[in-house]
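Quick look at what TrEMBL lists:
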type	residues	note
DOMAIN	25-253	domain 'ABC transmembrane type-2'
TRANSMEM	30-50	transmembrane segment
TRANSMEM	56-76	transmembrane segment
TRANSMEM	110-132	transmembrane segment
TRANSMEM	138-161	transmembrane segment
TRANSMEM	173-192	transmembrane segment
TRANSMEM	228-248	transmembrane segment
Amino acid sequence: MLESLKLCFNITLRNWTVYKKDLISNISPTVADPALIMVSLGLGLGAYLTNVEGMSYMQFLAPGLTVATALFTSFFESSYGFYVRMTYENVFKAMLTTPIGVPEVVMGEMLWVALKGAVMAVGVAIVLALFGMMANPWLIPALAIVGFLVALPCGAMGLLATALVNNINQFQTVYSFIIAPLYFLSGIFFPISQMAAPVRVVAEFFPLIHGVRLAQSLFWNQGIVDALLYNGSILILQSAVLCGLAYWRIKKKLVV
């Protein structure tokens, strides 16, 4: 068991070693894009939307943009990133000639995805806190937990997509019909209460909406315990189901 965990960690460390070679270029878009959206939408639309659920539009946007960073970081890493390592670089084929097995590959990759999502979410939260968007900046470290919990199920969705696509171009379809709706219908840009009842019901199954609610509780310093117990539990359950499903499908591609 301990040896397996060590192998998983080594895979995560391998990905970090590659990633940090061009660290500034890799993290800049992830942190800069939410800040740009905050400024453009927050100041632009904020001039017209002066009160959204008792706060400014910029304050409403901030939590969702933080969690959306974990969504995109994890999905693209476990879809495009994993696919490239598997298909073009043959990284996993080489790993599987060593004591590393498929379980270690998948767990190591998912650990990397979740940690990356957590760190990126915290980085965005720090930037937004500098804009004065967080009621209690001391709660920023707790957003690492939120980022981790969001990145796991969203990363599993990316891994599942990797298992199902036949070529790298098909990820565009997955993004258009799954990830984009997650992004726009999870309460980031407007309260979910404004959507039609059927859409609200479907949205409750999205991992992102529960991450948004967790982030909102931390940013606004309201109902933190309730959000952790309810939305945190749902994210853990979704992570278990999606990670299990993704592992079941991807092992067929890894073992050829």
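Placed from the backbone N, Cα and C atoms, the Cβ positions cover glycine too.
When Cβ-Cβ distances under 8 Å to the transmembrane segment (173-192) are tallied for each of 30-50, 56-76, 110-132, 228-248, the top count falls to 56-76.
Listed as Cβ neighbours of the transmembrane segment (110-132) (distance under 8 Å, sequence separation of 6 or more from its ends, same chain) are residues 8-9, 11-12, 15-16, 19, 27, 30-31, 34-35, 38, 58, 62, 65-67, 69-71, 73-74, 77-78, 140-141, 143-148, 150-152, 154-156, 158-159, 219, 243.
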